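Enquirer: Below you'll find the structure I mean.
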């Protein structure tokens, strides 16, 4: 090969490479958005947002101080960040289709966490999201109230207020972290169970921020704080190896007084109906949180004269909490009563109250002799199996879904 031929070959190769680079850059300019776009919200120019293109709609709105509900933190699994994307959102993705009916899809319903912001958009969101705020709160206390449940109490910043309705929830944000269960502050009376189940051995390591939703246990007149009942989500004791512990619950169990926690909210759908119907609350485990919020709100803030009862299921006396609170309410308000059923009472409990699963106790001890159970309103929050059993029982008694209110978070 002579020198001229070699030079020509190099030149041709260089031209080919430059041509490919030009094609890639041209394609990238068409596929990757850049510059600013305008998001028109709720057909109100005052709500317009001008923002850089390129992110997802959920995070883009959050960067502008508009916090849509997202218990999974934008992972596409909770389906809470529902909104209507009228223009500019492209076609619905397969990851979204399972969360909507065909009618909702035709009405342009989308999950904000799955919608890419590439061009000017026209969307509709719940007006309540404009009232959602974010605070850096401080841990007041984080004490065991049951074997695997802690009551986390946060102080909101001075001068701030969480304008929520009973039954509402907020989102907690955990930073990347590594926590060791052996470092948890667990009350002495519960440590034997933690040792027996081998829970202290776990480590939770999280490399990115985590967001989860938790129902509030306080009611609106308990101001200046936010209260939660959080159950540790440790791997099942007889499950396969390698199951990681819950990211958020592990972090919250590690919190100590003085620690900072980022909170956004309030959100909610699990609200009391404004009727005069009898209210029957059914709870179990950490599902206590919205039950407490609702019941205290009805009796102490609203001075409701509606007939109200609370039916709570626990394993043993050790798993009962807020007992003095409810006993005091029962003494103070003639229209309120509460009942506990223990599914597995310990010999030392010397328990002479109801035993068994709470849905069976509610049926046998109250509803089967109730003149009109279908006219009552039922509010429930607890473990999934409890929720399903209660709903099946209510359906068998002719209770319509419109009178069954379920909070899926607290259990």
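Each position is counted from 1, following the chain as shown.
Cβ from N, Cα, C; glycine included.
Okay, these came from Swiss-Prot:
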type     : residues        : note
TRANSMEM : 6-26            : transmembrane segment
DOMAIN   : 35-129          : domain '2Fe-2S ferredoxin-type'
BINDING  : 72, 78, 81, 113 : [2Fe-2S] cluster binding site
DOMAIN   : 132-273         : domain 'FAD-binding FR-type'
Enquirer: Using a 10 Å radius around each Cβ and counting other Cβ atoms from all shown chains, which of the binding-site residues 72, 78 yields the largest count?
Expert: 78
Enquirer: Just to confirm my parser: what is the rounded mean pLDDT across the domain 'FAD-binding FR-type' (132-273)?
Expert: 95
Enquirer: If you count the C-beta atoms lying within 10 Å of each candidate's C-beta, which of the binding-site residues 81, 113 ends up with the smallest number?
Expert: 113
Enquirer: Within 8 Å of the Cβ centre of 72, 78, 81, 113, which other residues of the chain have their Cβ, at the recorded [2Fe-2S] cluster site?
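Expert: Checked against the 8 Å cutoff, the neighbours are 58, 69, 70, 71, 73, 74, 75, 76, 77, 79, 80, 111, 112.
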Enquirer: Under DSSP, the domain 'FAD-binding FR-type' (132-273) has how many residues in helix, strand and coil?
Expert: 23 helix, 56 strand, 63 coil
Enquirer: What are the DSSP helix, strand and coil residue counts for the domain '2Fe-2S ferredoxin-type' (35-129)?
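Expert: Residue counts in helix, strand and coil order: 25 helix, 25 strand, 45 coil.
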